[in-house]
Amino acid sequence: MINPSKKGKTKMQSFALNTIFILISLSHLSIVVSSSKPLNPCNGDFLHTQAYRQMQNQTNTTHCKKLSSLQAQFAWNYHKTSHNQTQLNILIGTKLITNMGWLAWGINPDLPRMVGTRAIIAVKVPNQITPSVNTYNITKDIQLGCKFQPSGIDFMVQNMTVVDDKDVGFFSVFATLVLPQRYNVSSLNHVWQVGYCVDGLEPKMHETSLGNLDSKEVLDLETGDCQNIGQHRRHMRKIHGILNIIGWGTLMPLGVIVARYFKQFPIKLDPCWYYFHYCCQVVGYILGTAGWGLGLFLGHESKYYTFHSHRVLGICIFGFTTLQILAFQFKPTQEDEYRKHWNVYHHFLGYALLVMIPVNIYKGIKLLKPNNITWKWTYNGILVLLGVVVLALEIVTWAIFLYKKCCKKTVEESSPRRVEIEEDNKGQTKEGSSSRTIEVQE
C-alpha cells in the first residue's frame, strides 16, 4: 500500500524537476541565440570627432560600433601589407568627463581577457596640456597590485595620438598597429577599460563593477560581427537573478506564509496547507540552488573580481535552505519528545532566511548598476505584495483572536449571573413549597 503523503511528495518533486529542466533549456537557448551579435553602429558625438573624420577619409572602409560596456565606441580599418602582416588603424573613445583618469584598449593573442593583453593606455591628469599615451603589458602581477609601468609589446605601434575633445565630451585614442600573422583578424580578442585613479602618470586600479568586468569580446574585423563575452555573462546573470528571486525570494517566503496562517489559525486548511508549504519550499529550493550554482560559476569565471559579501551570504543561504529541506525528511512525530526542539530549530532557520534572502538579493541587484532599476522595482513589487498579504492575514488573525477573546469574556461574565438567578429561583421555590406545607398542617 503506497502512503498518500509520500505519493504527493513524489509528484511535487517530479513537477519541480520538470520546471527546472524547462527553465534551464530556455536559458541555454537564449545564450545560443545571443552568441553572435552583428555590428551595432556608433552614434552621437563620436561620429563628429576630428579623429573619426580623418579615419573615414582614408581609402579603406571604416567600421564603427558601440561597445557593450563603459559607454565606449570603437572604429577601425585595416589592410594586409606586403609582408603578409595586418596594418590596423583603431580609434576608441568614451565620455571621460573627469579631470583625471585613463582609457585603455588592447588585444590578447590567446584569450579574451585582461591578463596577457598588449594594451595602449592614455592617461589624463589635471593641468596637463596633452595627455600621455604608452604601450603596456598586462600581467597577473599588475592585477595583484604591482607597479604598472610602460613597456614594449610584441607588435609595432605607430601614430599614437590622444584627443581630449571637450566640445563633444569624448576622450579618444588613435593608433596604427602592425600585427604579425599570429593575430587572427577574423577572430581578434580585444579588451577595453576605463579608470579614474592615477598616481603621477601610472594608471591605478579601475572599478570592479560588472561593466568593467564585461569589457571584452571576440571581433571579426572584416564583418564587424562579434562574440560578446560580456553579453554571455549578462544573460547568465539574468538567469541567476531570476532563479534566485523566484526560488529563494518568492516561493520560500510564500511557503512560510502558508505555514503560519493556514495551519491552525486564522484559517485551517489541514492537510492542504502542508502539501502547499512543502511544494513551495522544495520548488523554491531547487530553483534557488540552480541559481546559486550558476552564481558560483560566474564567480569562478571572474576570479580576479570577487564580491565577497554577496558570495558569503549566498553560501549561508544555500546551507540553511538545505538544512530546512532535510528537516522535512527527519521530522519527528507529534508525540516525539524531540518535536519541540525540532520546531524551535525549524522556525529559527526559517525566520533567519526571511532576513538573509532579501538582503542578499538587494546586494546582487546593486552590483548591476547602472542597469538595475527594473530589477530593483520588480523585487520591490514582490516584497510589497508579500507584505500586503502578510499584513492582511495578520489583521484577520488578530481580529478573530480579539473577537473570540471578547466572546469568551462575555460568556464568563454572564455565567455567575445565571447561577445566581437559578439559585434565587430554587430558593423561592423552596420557600413557597414550605409555606404551603405549613398551611396544610394548620
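Placed from the backbone N, Cα and C atoms, the Cβ positions cover glycine too.
Remember, it's a predicted structure, so these values are computed and weren't measured experimentally.
Database features, via TrEMBL:
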BINDING   His240, His277, His310, His346  heme b binding site
COMPBIAS  414-429  compositional bias 'Basic and acidic residues'
COMPBIAS  430-442  compositional bias 'Polar residues'
DOMAIN    70-195  domain 'DOMON'
DOMAIN    202-402  domain 'Cytochrome b561'
REGION    414-442  region 'Disordered'
TRANSMEM  15-33  transmembrane segment
TRANSMEM  241-262  transmembrane segment
TRANSMEM  274-299  transmembrane segment
TRANSMEM  311-330  transmembrane segment
TRANSMEM  342-362  transmembrane segment
TRANSMEM  382-403  transmembrane segment
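All features noted in TrEMBL, drawn onto the structure.
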residue : record              : contacts (Cβ under 8 Å, 6+ apart)
His240  : heme b binding site : Gly291, Leu294, Gly295, Leu298, Gly364
His277  : heme b binding site : Gly255, Val258, Ala259
His310  : heme b binding site : Asn360, Lys363, Gly364, Leu367
His346  : heme b binding site : Gln324, Ala327
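Here the transmembrane segment (382-403) touches the transmembrane segment (241-262). Their Cβ atoms form 3 or more pairs under 8 Å, with each pair 6 or more residues apart. Long-range Cβ contacts of the transmembrane segment (241-262) within its own chain (Cβ-Cβ under 8 Å, at least 6 residues beyond either end) map to 23, 268-269, 272-273, 276-281, 283-292, 294-295, 317, 321, 350, 353-354, 357-358, 361, 364-365, 368, 375, 378-379, 382, 386, 389-390, 393, 397. Counting residue by residue with DSSP, the domain 'DOMON' (70-195) contains 4 helix, 66 strand, 56 coil.
Per-residue pLDDT, averaged across the domain 'DOMON' (70-195), gives 85.
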